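A.B. asks: Taken from TrEMBL, the feature active site, proton donor applies to 166. The feature substrate binding site is assigned by TrEMBL to 90, 144. Taken from TrEMBL, the feature domain 'Glycosyl hydrolase family 4 C-terminal' applies to 190-366. For 106, the entry in TrEMBL reads site 'Increases basicity of active site Tyr'.
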């Protein structure tokens with residue numbers, strides 16, 4: 001199969017390729033085409049991928065192009081992970097919003113609206129091109145704000161575009177581990193919009209174990225969301241919210257913390273990734289080592305202002321592994337191989353939630 005990755009010069013692309021390297025079954029991806037507007041970033045990421053594949057027999061072959069139509073033509077799957085305006089645009093969105101005393105966060109704050117306004121026209125153009133050049137392809141959207149962008153693309157691709165996010169999956173894994181269960185054997189009742197959803201139940205062997213978690217203050221306060229929101233708050237909700245709802249429930253505290261921070265998240269990532277691409281471009285450097293080091297720093301500082309505000313401490317080591325690439329690969333396998341699985345995805349409502357339009361994109365188990 002041919003997989004095209006839009007935003008192929010992006011920092012997280014090696015996560016996807018690493019997952020592909022571990023897939024040895026029939027019907028796997030054999031060709032990866034990276035597309036990006038920045039040839040320098042493409043070159044840097046291609047170096048990282050080459051080092052990842054060095055010791056892997058029959059690794060998916062990789063090519064790179066700045067020609068969008070060339071990248072899309074003949075694709076079986078398209079991963080859309082673009083960032084219109086770059087990290088500099090994100091940093092500016094955050095700065096302007098914070099100057100006005102409102103949240104600048106790139107998905108659930110004013111920054112998300114600005115980012116969406118920049119991104120939707122580009123995403124719609126991509127959707128139209130996919131429909132014309134690769135009409136049988138499935139588009140898996142990573143681009144934030146994921147719900148908004150997926151909904152815009154669905155107007156042209158219908159159900160052949162699906163949005164993914166690792167946040168609900170990570171939440172479900174954390175709850176299952178706290179309850180002493182195998183996360184792969186738990187069924188998560190999750191509902192909401194992208195980054196704005198709640199776990200309403202978690203079934204293990206057919207029994208909902210969420211009430212047991214809510215009744216035990218020690219268990220409830222032992223994982224990321226318990227530390228972030230507090231035991232009393234979670235009990236009052238009767239559900240476990242996605243970590244991004246901290247920006248809503250504790251908006252004043254979050255805005256104050258970000259105003260006091262030395263840099264916004266966007267500015268931090270812009271500086272960090274500029275250093276990464278410069279370093280990887282130098283001769284004699286092991287690109288994969290640089291990428292690994294940079295990724296560890298990036299993940300360890302994720303939502304650090306919120307955790308500081310809540311007194312939640314450092315992120316647990318088990319939460320530093322990301323996971324969106326695993327969701328994407330599982331979804332791709334389910335579609336291509338007709339494998340039965342349940343994933344939390346961003347899809348058209350189609351009557352699932354009566355309070356929302358049928359074509360609105362929601363985040364639910366599928």
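Just so you know, glycine gets a Cβ as well, placed from its N, Cα and C.
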A.B. asks: What Cα-Cα separation, expressed in whole Å, is found between residue 166 (active site, proton donor) and residue 144 (substrate binding site)?
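C.D. replies: A Cα-Cα distance of 12 Å.
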A.B. asks: To the nearest Å, how far is the Cα of residue 144 (substrate binding site) from the Cα of residue 106 (site 'Increases basicity of active site Tyr')?
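C.D. replies: It is 7 Å, counting Cα to Cα.
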A.B. asks: Near residue 90 (substrate binding site), which residues of its chain come within a Cβ-Cβ distance under 8 Å, counting only those 6 or more away in sequence?
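C.D. replies: Within the chain, residue 90 (substrate binding site) has Cβ neighbours under 8 Å at 83, 106, 111, 115, 265, 266, 269, 270.
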A.B. asks: DSSP three-state call for residue 166 (active site, proton donor): helix, strand or coil?
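C.D. replies: Looking at the DSSP assignment, residue 166 (active site, proton donor) belongs to neither helix nor strand, so coil.
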A.B. asks: Just name the winner among 106, 166 (the recorded positions) by count of other CB atoms within 10 A of its CB.
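C.D. replies: Per the Cβ count within 10 Å, the most buried is 106.
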A.B. asks: With every protein chain in view, what's the tally of Cβ atoms within 10 Å of the Cβ of residue 144 (substrate binding site), excluding that atom itself?
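C.D. replies: 25, counting other Cβ atoms within 10 Å of residue 144 (substrate binding site).
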A.B. asks: Quick one: average pLDDT across the domain 'Glycosyl hydrolase family 4 C-terminal' (190-366), no decimals.
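C.D. replies: In the predicted model, the domain 'Glycosyl hydrolase family 4 C-terminal' (190-366) has a mean pLDDT of 89.
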